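Trainee: Here it is: the structure, laid out below.
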C-alpha cells in the first residue's frame with residue numbers, strides 16, 4: 001500500500017508539476033481552496049481534470065472569510081496588474097505587482113489546514129508548488145518559510161509530517177522542463193489570475209507561463225486571448 005500524501009492543488013502549472021513528481025509513489029488527496037479568488041471557477045475545473053488524470057481524490061475547502069479580510073486584487077474588483085515583458089525581470093516592478101495580488105497569510109492558512117487533514121488521515125507529506133521565481137517576491141514561497149513551517153510542524157503535530165516543495169530551487173523554465181520530464185499534465189493546468197475561459201495572456205501569471213514554455217523549448221498548448 002502506498003503512503004498517503006496531501007497536495008495543495010490550485011490547478012496551476014507549479015502545483016500540477018509538483019504533484020506529478022510524487023504521483024506514482026503516493027496515494028494523494030488534493031485540496032483546492034476557494035477563498036473567493038476571481039479564477040476559482042477555472043481553478044476548480046482544471047484541478048478536477050488533473051485529479052482525474054492522476055487518479056487522485058479531490059476535495060474543495062471553502063474559506064469565504066479569507067476574501068472578506070483580504071484587500072487583494074485577486075479577491076476584489078481591483079484591476080489585476082498587466083506588467084510588460086521587461087517588468088518580469090524588474091525587481092521593483094515585480095514587488096509592486098506582488099503586493100497587488102498578495103493575499104496575506106494565504107500559504108500559512110493553506111498549510112495549516114492541509115496539516116490538519118494530513119494528520120487526520122495519517123498522510124506522510126504535504127506537497128506544495130512553491131518555486132524560486134515566486135520566492136523572490138512572495139515571502140511565503142521561500143526556503144526560509146518552508147524550513148520554518150516544517151519546524152513548526154515538529155512542535156505542533158503528533159505525527160511526523162513534512163511539507164515537500166520539490167520546485168523550491170526552480171525557475172518557471174525549470175518547472176516546465178521538469179513537468180515535461182515527469183509527464184505532468186501541464187496542458188490542462190490553469191495559471192490565469194483573471195479567470196477567463198482561456199488564459200488572458202497579459203496578467204503576470206500568464207506572461208511567466210508563456211515565457212517559461214518558450215525558454216524551455218516545450219510546446220505550449222495553452223490558449224491565450226492575447
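Glycine too: its Cβ is placed from the backbone N, Cα and C atoms.
Grabbed the feature section from Swiss-Prot, which reads as follows:
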BINDING   9, 10, 11, 12, 13, 14, 15, 16, 17, 18, 19  ATP binding site
BINDING   192, 200, 203, 206  Zn(2+) binding site
Trainee: Report the nearest neighbour of residue 9 (ATP binding site) in space among the binding-site residues 192, 203, 206, comparing Cα positions.
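Mentor: Closest recorded candidate to residue 9 (ATP binding site) by Cα: 192.
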Trainee: Select one residue from 15, 19: among these binding-site residues, choose the one with the most other Cβ atoms within 10 Å of its Cβ.
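Mentor: Buried the deepest by this measure is 19.
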Trainee: Find the one among the binding-site residues 11, 13, 15, 17, 19 whose C-alpha lies closest to that of residue 206 (Zn(2+) binding site).
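Mentor: For residue 206 (Zn(2+) binding site), the spatially nearest of the binding-site residues is 13.
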Trainee: Mind telling me which of the binding-site residues 9, 206 has the densest Cβ neighbourhood, counting other Cβ atoms within 10 Å?
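Mentor: The largest 10 Å Cβ neighbour count belongs to 9.
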Trainee: With H, G and I counted as helix, E and B as strand and the rest as coil, say where DSSP puts residue 11 (ATP binding site).
Mentor: coil
Trainee: Using an 8 Å cut-off from the Cβ centroid of 9, 10, 11, 12, 13, 14, 15, 16, 17, 18, 19, can you name the remaining same-chain residues around the ATP site, in sequence order?
Mentor: 50, 129, 189
Trainee: Between residue 203 (Zn(2+) binding site) and residue 13 (ATP binding site), find the distance joining the two CA atoms and give it rounded to the nearest Å.
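Mentor: Rounded to the nearest whole number, the Cα-Cα distance is 15 Å.
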Trainee: What count of other C-beta atoms do you get within 10 angstroms of the C-beta of residue 11 (ATP binding site), across all chains shown?
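Mentor: A 10 Å sphere around the Cβ of residue 11 (ATP binding site) contains 24 other Cβ atoms.
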Trainee: Can you count the other CB atoms that lie within 10 A of the CB of residue 192 (Zn(2+) binding site)?
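Mentor: The answer is 25.
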Trainee: Restricting to the chain of residue 200 (Zn(2+) binding site) and a gap of 6 or more, list residues whose Cβ falls under 8 Å of its Cβ, or answer none.
Mentor: 192, 193, 194, 206, 224, 225, 226
